[in-house]
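Visitor: To start, I am sharing the structure in question, which I have written as structure tokens.
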Amino acid sequence: MDRFIHLFLGHLVGDYVLQNKFIASRKQKNLKVLLMHIILIFFSQVAFFAGKDFSVNSLYIISFVTLAHFFIDFFKYKNNNKPFFKSPKYYLIDQLMHIFTLFLASIFSTQTFFYIPDKLAVILISAIFNAYFLGIYTFILKNNVREYKRDIVGYIVRGLCPVFYIFGPIVYSVYTLLTGFFSLYFLKSYQVISWALSIISTIIFLEVLL
């Protein structure tokens, strides 16, 4: 599981955190921009998969993940003008395909030691997943193909969920109530949905992956 955890973290950082507006808006139209995105994916995987026993096998694993990521994104690049490939359903399918390749790669990895502790990696996974994936997915659900704008307040509210979760159920319950009231009164409907999903996903990530 620890191999999958670090590959998943590398994927989330490369596919979300390191993907600025320029890359996000042009990688589906410009092959050079798509290749730039793939290079960032590769280096992100190297950074988070690094460990004392990093070997040729590790490099093969990262290369496989990067190549698979390219083909998944290239398929979308070739079909960008079709409505289905801009839909919430395909967005979910796209990420599930990426996750499947990460899981497949982790099976064949021989690496056992990673510089980033598993607990920290899972907290970061949950934070990024909540902040970015859930924010974007719920936005697409509510707004269809309109251009997504970075949701800074929502990023903070959702991203901090795993941080408060590790302090125990009482602290997490208080944080849930406070952010729940805040979300209902000050945030948009899709942000409220992503907040609710982040509360649940945090519990799942930290209980299943740790």
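Heads up, residue numbers simply count up from 1 along the chain you see.
Backbone N, Cα and C atoms are what each Cβ position is placed from, and that goes for glycine too.
Just so you know, TrEMBL annotations are computer predictions that nobody has curated.
Below are the features listed in TrEMBL for this protein:
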TRANSMEM  31-51  transmembrane segment
TRANSMEM  57-75  transmembrane segment
TRANSMEM  96-116  transmembrane segment
TRANSMEM  122-141  transmembrane segment
TRANSMEM  162-186  transmembrane segment
TRANSMEM  192-209  transmembrane segment
Visitor: Can you work out which residues elsewhere in the same chain, 6+ from the ends of the transmembrane segment (162-186), have a Cβ less than 8 Å from its Cβ atoms?
Guide: 122-123, 126-127, 130, 153, 192, 195-196, 199, 202-203, 205-206
Visitor: Taking 57-75, 96-116, 122-141, 192-209 as candidates, which has the most Cβ pairs under 8 Å with the transmembrane segment (31-51)?
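Guide: Selected stretch: 57-75, with the most Cβ pairs under 8 Å.
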Visitor: If you count every Cβ pair below 8 Å, which range out of 57-75, 96-116, 122-141 shares the most with the transmembrane segment (192-209)?
Guide: 122-141
Visitor: State the non-local partners of the transmembrane segment (122-141) in its own chain: residues 6+ outside its ends, Cβ under 8 Å from one of its Cβ atoms.
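Guide: Distant contacts of the transmembrane segment (122-141): 5, 8-9, 12-13, 16-17, 87-88, 91-92, 95, 148, 151, 154-156, 158-163, 165-166, 190-191, 193-194, 197-198, 201-202, 205-206, 209-210.
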